[in-house]
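Enquirer: Please see the structure below; I have some questions.
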Amino acid sequence: MLGLLFSGQGAQKTGVTQDLYEQMPVYRQTLDQASTILGYDLPKLLFDPEQADRLAQTRYAQPVILTISWGLYNLLQPHLNQDVIGLGLSLGEYSALACGGYFDFPTALEVIKKRGELMQEASDENPSKMVALMRAPLSAVEEIVAQAQGQGLVVGVANVNTPQQTVLGGELAAVDQVVATLQAQVQCRAIELKVSGAFHTPVMQPIQARLAAKLKTVSWQAGQFPVWSTTTKQPFVPAELTTTLTDQLVSTTYFAATLGQLAPQLSGVIEVGPGKTLLGFARKIQSGIATHQIDSVDRLEATIAAIGD
């Protein structure tokens with residue numbers, strides 16, 4: 001069984017997949033279709049270096065990454081000769097659900113366009129940030145965060161990506177206070193992430209109801225392969241998708257624990273999206289696991305050859 005790992009925000013990079021766009025008609029059609037749905041030139045946004053600042057904005061980054069993942073999956077899917085399980089990081093869960101047939105691509109793109117706009121709005125209205133904590137014990141982070149929340153500070157554990165990496169998010173002063181308190185108690189590095197706001201924390205609560213309203217318009221279908229939620233650490237259930245994805249906006253994502261449950265039954269993992277961030281996480285979660293990229297012609301061909309053995 002193969003694990004399909006769907007990239008999260010931050011994976012976008014100017015020029016990624018350009019060779020696929022130029023050489024693979026199926027992929028080119030996907031990006032062009034997305035341009036029609038979104039109302040702007042997605043290939044220009046992705047491939048033009050002068051668009052880099054715009055590409056980094058949440059409102060644009062999320063639809064771009066979902067589109068890349070959908071296009072890459074359509075190139076990969078005819079060559080999948082074994083069962084698969086889907087797992088995504090944050091917006092990657094929407095990509096996984098689209099590829100798994102829980103909703104169609106145009107609907108997924110409309111939903112993620114709205115999600116990106118709402119998350120950008122929440123970030124603009126309440127300045128916040130996210131910090132990756134390296135080698136900080138999760139129990140210590142959770143204890144200090146709980147103390148800060150008890151003082152009325154808007155802060156939370158956003159992501160537990162690997163056994164060594166926990167991401168903290170919240171209002172600027174609240175995050176600084178938690179990091180200072182933590183570093184006074186344990187040795188750890190804190191690296192500020194290049195994102196527009198504190199996703200998966202209480203900072204996103206003001207937009208939760210509007211995201212839920214958008215999700216309620218979706219007619220969810222039974223999927224073609226299981227997709228696991230990193231919020232619940234269980235497979236998504238169609239009847240509960242709206243609730244789970246609404247909760248995801250303000251809740252911790254447990255990528256490490258979720259993939260850790262699945263890894264022993266996987267022959268390898270493929271990152272369905274730009275880059276290799278999730279493959280790096282996978283190697284830290286399950287030492288020795290086979291990892292594959294598909295975000296260029298050469299990498300796609302190498303992966304198809306490898307999984308066909």
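Heads up, the Cβ atoms here are built off N, Cα and C, so glycines get one too.
As annotated by TrEMBL, active site applies to Ser90, His200. Residues annotated as domain 'Malonyl-CoA:ACP transacylase (MAT)' in TrEMBL: 5-300.
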Enquirer: If I take every residue in the domain 'Malonyl-CoA:ACP transacylase (MAT)' (5-300) and average their pLDDT values, what number comes out?
Expert: 97
Enquirer: Measuring Cα to Cα, how far is Ser90 (active site) from His200 (active site) in Å?
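Expert: Cα-Cα distance, Ser90 (active site) to His200 (active site): 8 Å.
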Enquirer: Any idea what DSSP makes of Ser90 (active site), helix, strand or coil?
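Expert: Ser90 (active site) sits in coil per DSSP, no helix or strand.
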